[in-house]
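The block underneath contains the structure these notes are about, expressed in structure tokens.
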């Protein structure tokens with residue numbers, strides 16, 4: 001039984017046959033069945049998608065949710081059913097919202113997957129037949145032709161003008177010419193010209209090959225294995241929320257214990273103080289936070305979907321906002337993923353096809369029009385559906401010839417019409433030695449040979465150049481001038497082709513095949529074209545904007561160094577020996593050395609999937625939050641390892657299944673909008689945390705101070721619950737809808753280890769909590785002592801805390817501006833929410849139903865004037881602290 005081989009490229013065809021125990025006639029059906037049982041189906045192991053039930057239970061995986069569940073159970077045990085039910089409702093809302101959004105994303109991703117049954121043409125028992133691709137086994141002889149998707153790794157045994165696209169596997173943007181001769185064992189994957197691989201496509205030619213690996217033993221299978229070995233890590237937001245929740249839990253436990261001890265020292269019974277401490281602990285937990293965070297993430301997810309970005313997991317919507325490094329695959333991500341004619345140059349005119357949006361009439365083109373006619377006629381690519389829209393064309397042929405056909409169509413030419421008008425009589429195929437292709441056509445009153453090839457060969461064989469529709473003799477100065485034109489295109493990283501023609505007599509019916517270069521002289525040079533894989537729209541602007549936002553960009557490509565340099569220069573990135581590395585460099589460097597050098601390197605060339613994975617890990621070792629973008633199978637391991645993986649909608653199924661975000665319309669510029677939305681998400685989470693903790697700790701400190709000074713409790717538990725859930729419920733949810741602040745993209749990304757609450761927010765929480773607690777205690781003491789009315793004192797305190805929280809929500813909206821900023825009315829939801837909170841607070845004080853429930857009494861004008869005056873002073877003090885922050889930021893302190 002043969003074994004899958006990784007070095008078949010270094011074996012002769014005879015040796016491969018011996019190793020695989022096969023021949024040109026193929027396997028017998030019995031042997032194929034035997035090998036299929038031994039090797040298994042030619043399929044990659046499929047990761048089972050999460051079921052709806054699994055997605056549902058994953059929503060409980062949060063430290064804050066655990067704390068809420070424990071608090072709810074304690075409340076239930078103490079007989080506080082209302083508290084318990086409210087807490088459990090908060091948990092349920094969080095779970096349901098998260099489940100709906102993530103389940104919807106999973107279903108959308110499933111619709112993106114195409115259910116295609118691949119087939120292969122195979123020789124068995126000297127008979128050619130069609131079989132399902134998953135039935136291929138090592139030793140099978142497969143037959144390949146233009147348009148076929150290769151479904152197994154195989155060693156070529158016959159090849160005629162074979163070219164394949166390996167962009168999805170190696171990242172190489174240009175088509176790969178194949179041959180059958182054996183190679184050195186040390187040749188890298190991208191240069192193994194006698195091998196074909198699973199997942200790649202035949203662009204041109206015909207071939208036969210012997211299968212040497214199937215399923216998980218293929219190069220594609222090895223990449224899939226790398227993906228499976230990468231563990232799922234928590235996102236930066238999950239880590240921060242988890243740490244925040246633990247710290248909050250510890251603080252609440254300590255405060256509850258202090259309240260318990262303080263009450264016991266003042267003579268209260270243990271049972272009373274234990275119940276009070278537990279009630280305060282439950283009240284201090286911001287049960288609205290978990291719902292608010294989920295809603296913020298869900299809104300961000302929905303916003304990104306409107307911009308054609310599918311977010312698979314809620315937390316991934318924020319992660320891109322925290323990103324500090326974006327590693328970007330070049331082919332198909334930064335670029336279109338297919339070769340295009342970008343520039344046409346003749347002696348007297350030129351044409352920029354990338355920036356040309358409309359068809360151009362013949363009179364405006366001059367020699368460029370004739371050049372494109374030659375490009376379409378001296379061309380073996382075929383269009384399967386020429387009458388369809390240009391964007392839907394299915395073209396069989398090499399990537400270069402496909403680019404020439406598309407360029408001709410762009411200026412209004414039609415290949416079928418040209419073939420009919422100038423029928424082909426004979427041809428000389430392209431040859432790597434002669435470096436040109438020639439076709440003979442019947443023309444008006446005579447025949448004509450059209451040629452395309454290496455620019456230096458075309459210029460060397462030409463004694464004339466077409467200039468203003470005249471054939472002008474080429475002298476030395478003109479030859480230098482023409483040479484400089486194609487060299488300029490080459491320096492831009494373009495693949496350059498020259499085009500020429502030779503008029504022949506009508507009786508000239510065939511091109512001599514043996515030595516055509518000997519008589520194809522005295523050509524008339526028409527011009528040159530530059531071909532490349534062009535940048536996607538707005539890529540350069542996107543990279544510039546992300547740089548302004550403090551995000552470093554790294555370009556990773558499977559292309560050669562020259563192509564890598566050209567793309568870097570086009571993007572405005574200065575490249576030198578210090579910031580460019582190749583796959584060979586990465587082989588020499590171990591992980592530690594790569595980690596030391598990774599911050600200096602801006603572009604990588606000739607890299608493998610494992611190299612991309614190592615690059616991402618090297619950045620992560622510096623506590624950087626790394627995003628990886630890509631479209632090919634070769635990008636999938638790095639996408640899985642990255643903190644956030646971004647796939648293009650046109651990418652492979654493996655890549656889309658691995659990614660956290662999918663750009664449905666392939667627009668790279670959407671990444672910038674996604675980064676901004678991610679930052680807005682994190683910004684709004686911090687606003688909600690600031691508001692809810694200020695509210696909760698105000699009540700905890702108030703209870704503690706009253707016990708410390710030996711005063712009656714200024715609020716009863718049901719009043720605390722009302723403020724937390726009813727009065728403040730609408731405002732804190734309205735904060736989730738806070739629009740973005742323009743400064744959000746002018747600031748650097750959040751540091752990975754920086755907590756959700758920085759020093760300024762912690763200080764503001766302390767100020768708000770202490771000021772609110774002391775002023776509320778003062779009001780309580782005054783009305784209790786002076787008016788000698790405990791219920792009135794508690795009602796005033798209840799009103800004061802409620803009004804304070806409704807007002808300082810405006811202060812919590814931003815630390816970048818004062819409450820009096822011109823954008824005060826931007827969030828209309830917040831204005832409505834505050835109005836509703838105020839109405840409910842008044843209802844709690846004046847409606848008999850709520851008076852009985854909350855033990856409140858009506859307040860008069862005098863009480864309200866005191867409450868509003870004190871609340872106004874609290875807001876002024878908070879804004880003074882914020883003003884200090886704003887001044888510090890403006891001075892860069």
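Just so you know, glycine gets a Cβ as well, placed from its N, Cα and C.
In TrEMBL, the transmembrane segment annotation falls on 55-78 of the listed ranges 7-30, 31-54, 55-78. Ranges compared are 763-784, 785-806, and TrEMBL records transmembrane segment for 763-784.
Segment annotation: TrEMBL labels transmembrane segment over residues 244-265 (candidates 200-221, 222-243, 244-265, 310-331). It is 277-299, from the ranges 162-184, 277-299, 346-368, that TrEMBL records as transmembrane segment. In TrEMBL, the annotation transmembrane segment applies to 84-101, one of the ranges 84-101, 102-119.
Residues 760, 763-764, 767-768, 771-772, 775, 778-779, 783, 792, 796, 799-800, 803-804, 807-808, 811, 815, 818-820 of the same chain, all 6+ positions outside the transmembrane segment (861-885), place their C-beta atoms under 8 angstroms from a C-beta of that stretch.
The average per-residue pLDDT of the prediction over the domain 'Cation-transporting P-type ATPase N-terminal' (7-80) is 82, rounded to a whole number.
Below 8 angstroms of C-beta separation, residues 722, 726-731, 733-735, 737-738, 795, 798-799, 802-803, 806, 809-810, 813, 856-859 of the same chain, each at least six residues beyond the ends of the transmembrane segment (828-849), sit close to that stretch.
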